[in-house]
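Written below as structure tokens is the structure these notes are about.
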Amino acid sequence: MGIKGLNAIISEHVPSAVRKSDIKTFFGRKVAIDASMSLYQFLIAVRQQDGGQLTNEAGETTSHLMGMFYRTLRMIDNGIKPCYVFDGKPPVLKSHELSKRTARREETEKKLQEATDQAEKMKQERRLVKVSKEHNDEAKQLLELMGIPYITAPCEAESQCAELAKCGKVYAAASEDMDTLCYRTPYLLRHLTFSEAKKEPIHEIDTELVLKGLDLTLEQFVDLGIMLGCDYCDSIKGVGPVTALKLIKEYGSLEKIIEYIESDSSNSKWKIPNDWPYKDARELFLKPDVINGNEVELKWQPPNEKGLIDFLCGEKKFSEERVKSGIERLKKGLKSGVQGRLDGFFQVVPKTKEQLAKAAAKAKAAKKSGKVTKKRR
């Protein structure tokens, strides 16, 4: 689900923290991709002309494999070295959100049965899409054959992607979930795995510029995310994005915000959930269950050509001609990606406080003038 309204807050208050770029901009970059989110996108977006999912002759769904194969090839074509991170066991605190999703699925199934219009049926069918263990296992098998590294996180994929980026194993985390910023990834890439036909630029969000532009510490930013609404607990009823930002800036923490709300009867319009586990939610963001990034070794290997043809063509009935063409693109792209970037030959020096303060001032000036300034790489 991510965090409701966070993207809008950043766009309004720190527009210069978001850079919109063509995929070619990231030539030579290593990127950790939220695999589960990507597979969900593929199952929804990769469809036949009649709107149904792609299937082979046996009726098995292949949309996830088609999407994974060709979207990965597109990244490789553009010199990006992707690695994928799969979700592990969801935290106990997420069970309430999963229960909500189950209830929504039941409601959607009811609407699907009642739908008479074809467009409405397709709409409800897409809402029922769910990534299964089989989808994940087949995607891992495909990546193994392609020579693309992947890891299974102990818990949330986004937090593991952020960990790899923080440790310098990759340049950025790629996910559509804005809560990835709460794990303090240096950069978050959105829309990286979108279809080329969408013509959607990649949004690169600089976490440090976001924090400085909003004038918040990481802890305060996480508290803001919890107030806006995250996967781990309910939010304060009646508090929207504008009020949430105002409260966290004025009071500095959820503890003091709760104290303020409970101290004045005029604040009764805001409802704090009973037994609100916001501290546990905060802990999941600040101290996530991840594999230490320094202990992870990412290797991109030559593709297993025979294995790919046997799996995709023999078993899944993909076009052999197209798969062989894809294999050649894969081999060529992995070689060209080895060239790397010029800045890869130099040590990356963290931004100083003065540089961050200057960038924050620039962001505020851009907001006042109504102009969005692009940071240069």
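Just so it is clear, glycine is given a Cβ too, placed from its N, Cα and C backbone atoms.
These features come from Swiss-Prot:
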REGION    1-105  region 'N-domain'
BINDING   Asp34, Asp87, Glu156, Glu158  Mg(2+) 1 binding site
BINDING   Arg47, Arg71, Glu156, Gly229, Asp231  DNA binding site
REGION    99-119  region 'Disordered'
REGION    120-251  region 'I-domain'
BINDING   Asp177, Asp179, Asp231  Mg(2+) 2 binding site
REGION    338-346  region 'Interaction with PCNA'
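Features per Swiss-Prot, on structure.
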| residue | record | contacts (Cβ under 8 Å, 6+ apart) |
| --- | --- | --- |
| Asp34 | Mg(2+) 1 binding site | Val85, Ala157, Glu158, Cys161, Ala173, Ala174, Ser175, Glu176, Asp177, Thr180 |
| Arg71 | DNA binding site | Ser38, Phe42, Thr193, Ser195 |
| Asp87 | Mg(2+) 1 binding site | Ala35, Ser36, Thr152, Ala153, Cys155, Glu156, Ala157 |
| Asp179 | Mg(2+) 2 binding site | Gly2, Ile3, Leu6, Glu158, Gly225, Cys230, Asp231, Phe285 |
*asked:* Suppose you look only at the region 'I-domain' (120-251); what would the mean pLDDT be?
replied: 91
*Sorted by sequence, non-Asp34, Asp87, Glu156, Glu158 residues with Cβ within 8 Å of centre, Mg(2+) 1*: Ser36, Met37, Val85, Ala153, Ala157, Ser159, Gln160, Cys161, Ser175, Asp177, Thr180
*What three-state secondary structure does DSSP assign to Glu158 (Mg(2+) 1 binding site)?*
helix
_Can you break down the region 'I-domain' (120-251) into helix, strand and coil residue counts using DSSP?_
71 helix, 16 strand, 45 coil
_Just to verify: the residue among Glu156, Glu158, Asp177 with the fewest other Cβ atoms within 10 Å, which of the binding-site residues is it?_
Asp177
*Just counting, how many other CB atoms are there within 10 A of the CB of Asp231 (DNA binding site)?*
22
